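Noted in TrEMBL for the protein shown:
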REGION    118-138  region 'Disordered'
BINDING   289  Mg(2+) binding site
BINDING   386, 387, 388, 389  GTP binding site
Ligand SMILES: Nc1nc2c(ncn2[C@@H]2O[C@H](COP(=O)(O)OP(=O)(O)OP(=O)(O)O)[C@@H](O)[C@H]2O)c(=O)[nH]1
Ligand SMILES: [Mg+2]
């Protein structure tokens, strides 16, 4: 049998006495401690050098669709205005693509109902839903068949837009379910529709780069997509306004208006030749992230005693879906700040990539593992309890948090007490699991609200800079 040479060299002497064993273990522990101290010192030196250069590294973390890229957009809107304007024209294609995705989802539902089966029905629910549909008088007719034919060219536009954006699309790969539940509550069943795979880009700054418009070939392609898109406007509206479509969505519990990248109520404004994406459109547009991208911001502080008060903030936007998370680890080493996003409205939703897992449960476990990661002991933690607008709407519709989180008990099913409860829970997890005592700053956010988010970001800027100026003795 082959013997690993390292294992061979490191194995204890065969005639080792108990006292020799104790002495050897102590020597090894001391050597490990010294090595850890050296690593720690190197890290501190590097951090100090970065701070002396006035450079900070900030990682945006959280599960898929938690709002990381949207937060990054808000940062860029405030602190990288020139780049923001440069990219504005490129977002038009993303918005068009988002609309087409909603339309194709509706067409697939019609197709599924007309053929009596389909990919969008959960297996165990299909018979119930189909019998509901046939008895409710909501059956789709020739009118819908005609709309399907008339809207078919949108598939070609979708392909052209994806080419233009350099986008890819990948089906979600299921991973293993987690055993724990949020705050140790029992797992409860969650109704959720299946969803289509989503297109993604590796870098949205490349995808929406404004200079594409100067390339005549790309421009001609974009113009032809826009013309087809405009031609389909009335049919898209007819489809969206159709009562049978609305009822079919209701039966499947799909609230399209609350989903990422929803623009169907803005067709008149968007399906025109002169349409330019507004700031609001850009933050609402959905472009899934794959991989990790670095974005630079120049941020000035108001309290430095030295002449130059400009800092470079390196922001890292990551893909949040489970298959993407292993790529986060190498970035933990030198991270000064983590902004972690927990979408609080997701308590009754499942992960796209693993339909067995509750999204709040996933987010809570992720927060716990970030808090307990040794490499991040000195990293400043900022938590966004995000999507408060959607949480408010959901609770108003009568969806009860305690159905999914029994430990919430009989507290009022309203946004303020719910957010307060989650805030306390997340704070508690942070305190219990951080290797050393630290404070996590917690904000309640709706990052699609750019005015409110601007205030949050200014507060974060001041807080982060003040702490880093103090630790690097620059004040
Ligand atoms: N209504 C509402 N929508 C939000 C909020 N935050 C983000 N969104 C929307 O949710 C969608 C997903 O947000 P993203 O920022 O792309 O999510 P992400 O965390 O970057 O997701 P991945 O790239 O998949 O990891 C986008 O369409 C956003 O506009 C919010 O607070 N309220
Ligand atoms: Mg993203």
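Backbone N, Cα and C atoms are what each Cβ position is placed from, and that goes for glycine too.
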Packing count at residue 289 (Mg(2+) binding site) (other Cβ atoms within 10 Å of its Cβ): 22
Those binding-site residues in 289, 386, 388 whose CB falls under 6 A of ligand 2, listed in sequence order: 289
Intrachain C-beta neighbours of residue 388 (GTP binding site), sequence separation six or more, cut-off 8 angstroms: 344, 345, 415, 419, 444, 445, 446
Number of other Cβ atoms within 10 Å of the Cβ of residue 389 (GTP binding site) across all protein chains: 17
Cα distance (Å, whole number) from the residue listed as 'Mg(2+) binding site' to residue 387 (GTP binding site): 18
Neighbouring C-beta atoms (10 Å sphere around the C-beta of residue 386 (GTP binding site)): 29
Cβ-centroid neighbours of GTP site 386, 387, 388, 389, 8 Å, sequence order: 67, 343, 344, 345, 385, 390, 391, 392, 444, 445, 446, 447, 448
DSSP state at residue 389 (GTP binding site), helix/strand/coil: helix
Residue pair residue 289 (Mg(2+) binding site), residue 386 (GTP binding site) - Cα distance, angstrom, rounded: 18
Collapsed DSSP category at residue 289 (Mg(2+) binding site): strand
Around the Cβ of residue 387 (GTP binding site), the count of other Cβ atoms that are within 10 Å: 25
